[in-house]
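Below is one structure, written out as structure tokens, with a few remarks after it.
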Amino acid sequence: MSGENQETKAQEESSALEQKEIDDKVVSPEKSEEIKLKARYPNLGPKPGGSDFLRKRLQKGQKYFDSGDYNMAKAKMKNKQLPTAASDKTEVTGDHIPTPQDLPQRKPSLVASKLAG
């Protein structure tokens, strides 16, 4: 029985090799056109940095859809450039609930109210 198994395996392998050779000979039309173009223009190929068009567009800078997009991008740049001011206040809010005695006295207004009169 082992002899029969070896024979069937050998037949399967040989048929697989024959099928592969047939597939290699039958080339799709796209592949044949690609081979012709590569033979005609050997210098053309995928460039590592992308296409020239893409590189040129990236060097030009960003284009904006409308003035709103431009203003939003401009505002983001300003926010990044502004240094964050350290808070000078040493008060910590939320430690206790204020009572009327804790609140500072209200300063009198310089302008007299029309309702008080």
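Residue 1 is the first one shown; counting continues down the chain.
Glycine is no exception: its Cβ is also placed from the backbone N, Cα and C atoms.
Keep in mind that this is a model prediction, so the values were computed, not measured.
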Which candidate in Ser32, Ser67, Ser87 appears in Swiss-Prot with the annotation phosphoserine?
-> Ser67
Out of Ser109, Ser113, which one does Swiss-Prot list as phosphoserine?
-> Ser109
